[in-house]
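As annotated by TrEMBL, substrate binding site applies to 19-28, ASN110, 137-138, ARG214, ASP252, ASN362. Per TrEMBL, active site is recorded for GLU174, HIS250. Per TrEMBL, active site, nucleophile is recorded for CYS368.
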Amino acid sequence: MKHFEANFDGLVGPTHNYAGLSFGNVASLNNAALVSNPKAAAKQGLQKAKALADLGMIQGMLAPQERPDLNTLRRIGFSGSNTQVLQQAAKTAPALLNACCSASSMWTANAATVSPSADTRDGKLHFTPANLVDKLHRSIEPVTTGRILTATFNDPHYFHHHNHLPEHNSFGDEGAANHTRLCQEYGHAGVELFVYGQEATNPNAPRPQKYPARQTLEASMAIARLHQLEEDNCVFIQQNPDVIDQGVFHNDVIAVGNQNVLFYHEQAFLNTQAKLDEIRRKLDTELFFIEVPTAKVAINDAVKSYLFNTQIITLPSGEMAIIAPTDCQENPAVYAYLNELLTLNTPIKQVLYFDVKQSMQNGGGPACLRLRVAMNEREVAAVNQHTLLNDALFARLNAWVDKHYRDRLSTQDLADPQLVIESRTALDELTQIMKLGSVYPFQR
Ligand SMILES: N=C(N)NCCC[C@H](NC(=O)CCC(=O)O)C(=O)O
């Protein structure tokens, strides 16, 4: 049977904006209050996704969430008509209004952790939506994320959907951004790498001093249990707390894996050598550990350019390509490194650059925008086919964006009641295009 790794990219929502909501994410803080362009953001994302589909990759799209989130605003005591709720919140608690308007579900690397059927005891593909408890604006995503995932991977014979983990700091979970998988072939059992920022229940364990460690070991271990993984197929690695304090808020800002390649910065992990040895012991295949030294790329350059927030994909030819943001071309040290990488004897043979600046300005690179789902051909056939990107869906979604999205949005605009109407009209139409059913609170 054939097997593939599909990418499911998040469609950027109509309220994409820069509110500076993510302490510890330097791009989000540095670009706070910039005026955004939701239309351009959505189109940049679609272009990247379509380019991968055109390369022969299986590419899906995940629907965005309903924002402004009026349910949450009502839950915290704002009342009256929608207009009154927005006006009261804007006047008395603008930070809470901003949190309820973020389009952050676009970064689907944080939607869930996914374990392919080759790794799990029941032979099903497992999904656990991330609870994202570290950030208020993200903690309101998991329920709808679960509904969107269930509507996308909608055959219970193949797909096993779990609830998100308990909403407590001990179980801080950021999904696939802190998880990667190494394997020989996508359809063979692999080793799942769970990279955590701290041990919540061990006060003596190392942890960052300045910025939050969003993912806990406790959460990673809970996911491994839920997904029915064997101990021999898991490696738990601690992220280096010093790099979290330099702005590496997720592991996918400092490391990325694909098949038998692990591409990571010298300073990414704690106990690196022991962990690499454990991977070698648990995965009996030729492995390429590509370590980027600080002398070639400083942490600061890695964070600014998102060198490691690239996608490494295996093309139908069997060669690997790196999907990088154009910011990597603009950074001399990183660009020189990527050119050198192509001359090293690794499976990576080309680099393709994409402009995803609207997302980058909020700290989301190409890899943040996608959720990887390794599947065999039967599982691909069991996916909701209206979510898979082809020429027709691409044209339809572009027209949908043109019709509904603004090309300018400031944080002041978030209180505009018209934005609620525009966003709901757009999402209602989208659920019909992608045949998702009633996934949004306003539809239920
Ligand atoms: N690395 C991965 N996988 N994802 C990137 C997520 C970026 C997101 N930014 C934001 O949520 C900023 C929103 C704002 O400031 O308006 C975050 O920090 O959670």
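Using N, Cα and C of the backbone, Cβ positions are placed for all residues, glycine too.
This view paints the features noted in TrEMBL onto the structure.
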residue : record                 : contacts (Cβ under 8 Å, 6+ apart)
ALA19   : substrate binding site : ALA32, ALA33, ASN98, ALA99, CYS101, SER102, HIS137, THR411, LEU414
LEU21   : substrate binding site : SER28, ASN98, ALA99, SER102, SER104, LYS135, LEU136, HIS137
PHE23   : substrate binding site : LEU29, LYS135, TYR211, PRO212
ASN25   : substrate binding site : GLY247, PHE249, ASN362, GLY363
ALA27   : substrate binding site : MET360, GLN361, ASN362, GLY363
ASN110  : substrate binding site : SER104, ALA130, LEU132, ARG138, GLU141, GLU174, GLY175, ALA176, ALA177, HIS250, CYS368
ASP252  : substrate binding site : ALA109, ALA176, ALA177, ASN178, THR180, PHE308, ASN309, ALA367, CYS368
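All chains included, 31 other C-beta atoms sit within 10 angstroms of the C-beta of GLU174 (active site). Annotation for the recorded positions ARG138, HIS250: lowest Cβ count within 10 Å of the residue's own Cβ, ARG138.
The 6 Å Cβ screen around ligand 1 retains ASP252 from the recorded positions PHE23, ALA27, GLU174, ASP252, ordered by sequence position. Within 10 Å of the C-beta of CYS368 (active site, nucleophile) we count 27 further C-beta atoms, all protein chains included.
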